[in-house]
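Below is one structure, written out as structure tokens; comments come after it.
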């Protein structure tokens, strides 16, 4: 709740700034409108508004009280007494720094303010004869505070409350606005302390005194407030004369608003006074005024009615819509002693009227003996939350704080005798009003110096130093450029925050229900009350002006109202500005931009939730105690409500239990006079009231214990529910943990399987590497053996060549011998010539003709010549080797596998070896003569079948090793059909062969796409990654496999092409050699023929 703070104290906390000066100027303009009289002549209460609105958070009464007590701690009793007399002024000027006390006060519906009477506690305080330092200073300071508030209470306005029904409680805001501005009243963030409970005892005690005593000691025109309740502690052995001076709390009581008797006895009440609304009060059993004599009760009622008549013109009850009403707590000021011997009949003169009342009051003030009863609801009255629509009401029972501050002091047993002198001394200046402008305090002066220097020319005074509370008429303009504006001015921060908001104007028409919004000031709270976040819309009243307009929403910031900025102001200031608006109201609303996290919205929602919970608790609280009151029947009648203060059970109650002394001797009524009998009766009433209070306190404690028990049961149930939830959560977590364990076991199993597979693959890989090495070694061995065989063949060919040459030489020798023999035999020369002529060439002579001619013509040497000729090989045609070559190539092609590097090398080398051997053999045959062809043919026929056999063994060995590797490494081996389909070159493959190749690679899913695109061998070799993706091969592993195979095939084709080119070159060389040999042979044959023809 916002608390009051004097502007003088505020200026000591925060220095002035240009922003603050601007706001103060605006508020002064508002204040001037409050002070103007209304057109109908009703005067607005200037003092009631607590001077100007002090910007900043208000401090409560406790702060000021404690501060003032500390200031008085070190003062002497005589100095304190002097201060009390000096600081009372004659007038009531309103200081611009006068504090506003939002405490309780009372008003009448006709506009007059009740003048309250002095309380018993104040009368008792005058008999303090033991002036003991700090305790006396505290007590006198408290009295001074009672007197100080006299000029501030009379003009404050307040609505009369009604009894709040259970379930319908609505806490009223601090500023009780009228119906027209109810919608714009500022919302409070905490419950009003008016709903707290106070002790029922003191109100019952004061009700006892109120029955028969006269309200004579009343000063006209005075109505004073106090922020503090003071309870004294008194000795237990009280003499019977002074029992009536027991401490009690003063209560606010409107004596002119009684429902029955005051309307008949009062002649000067104004006609516009509204009908009284009875407030139900808890009456204590046995203390009803009905038990008193009717004369005394009528006398007390009439006497109290007359009390407030002269005070009627002091103030009016009209509540201006723009003026916040403060709650104040009135304490009595006039102090008189009651003397038991004064007859009660003197009080009847008060019934006559105000003319006879004034002299009697002067008499009672100067030396009156009657005790002035105090209405005891000032601190313990039952506070009922106000209905904002309620203007009428007769009684106002309010208090602002349930804490009771006790001022402790010691008393002598004879305080009743010495108190009269102080009473008279204090009453002498009772009509002097306290003037806050003249307030000062004295502090201890300089100590006496023991030795004063002789040459000192000045002298220091040792008198007490007076410290006056000064007020500045002009704000101190601080021009300090070194101060950081961000750190020194909260307004600067707020203006920076407003710049980030989305601002838009809104105009509302204020109707009879107000603006339809409630505001809340969101702030940090440690910086003299400036709302660090600004003034925000807390709620929007259903059906109000703001809801009908629809533009203002909850959590919006009110930046400006009718040109008055609400940036950096207090909630009270904002509420005052809103209440002062009329007609068409212009707003500037700030709203946070979309997407931002609003801390204000969170705070407001938390505040609303807290208020809702507190309201529910309060409703249950009232419902519970209303039920208790209905059961026990402790409600008082309408007649008793005026004398007995309302009591709100529950809460912390400061119950003072007085153990009154009882005389052992019982006096008869004849031995006692009327005053003693009255005193004895009051003593018994007090005892009864105390007993009732104790019973009520025990009931309250019992109810609190039951509530605590219920709360414990709820907590126990909540804890049990939490335990069950935790158990369920633990079961869930345990199930999750078990699932995680099983998952870990599964993953471990998979890992072990993967490791075993990896080890198996590694073994296969090592075995394959070993086989490859073995194969390479065998290949090297085969090459070496082949080289050795080739050398052997060359040596054999050389031996054959030498042998052939020897044979040719021998043949020539034999032919020469034959020719010689023929010459010798002249008879056969012609026959030999005919034979040579008939034969055109040596190849045309057949074997049979030669042999016949030889047998016919031969003579003596015929047998030897025929033997030589038979040894010679007859000349035959050269054998055709093309058939053998074709046969060898076909045998190789039939066993042809995929063109791997080793197989291609084997096939090429075997073919080369074959051709070279054939060609060499036939070259030899070309050089042979007709007689040597048989040997050449034999050598050629013997070498030719040998070479294909070697190549076949090589191919077989290669096939076996590669098949073993395929079986070891590949998961799916190549089928014979697949191998046969690839016997052709890759670029010659058809679409079907490409499909077979894909099936061999376990890529069956892509066969349809390849077939649809008609991918042949040439297109297959041209495929890359993008084309494979286009063909639907999305798997990167499949694409990598196909690319790898295509790369290997391309490399194999390139090597085959190079080998083919090499073979072509070798064949070309062989052809050239054959041609050269043919030329040589032809030349040799020509030479031979020429030589044979010459002889």
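A Cβ is built for glycine as well, from the same backbone N, Cα and C atoms used for every other residue.
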Among 461, 990, 995, 1011, residue that the record in Swiss-Prot marks as phosphoserine: 461
Segment assigned the feature region 'Disordered' in Swiss-Prot (from 544-589, 1050-1095): 1050-1095
474-504, 505-535, 598-628 - the one Swiss-Prot records as coiled coil: 598-628
Candidate annotated in Swiss-Prot as phosphoserine, out of 95, 668, 929: 929
Candidate set 199, 214, 372, annotation phosphoserine, source Swiss-Prot, matching residue: 372
The region 'Disordered' (1050-1095), counted residue by residue under DSSP: helix, strand, coil: 44 helix, 0 strand, 2 coil
The domain 'PDZ' (505-593), counted residue by residue under DSSP: helix, strand, coil: 14 helix, 35 strand, 40 coil
Three-state secondary structure, which DSSP defines for residue 461 (phosphoserine): coil
Proximal but sequence-remote residues of the same chain as residue 461 (phosphoserine) (Cβ under 8 Å, at least 6 apart): 445, 446
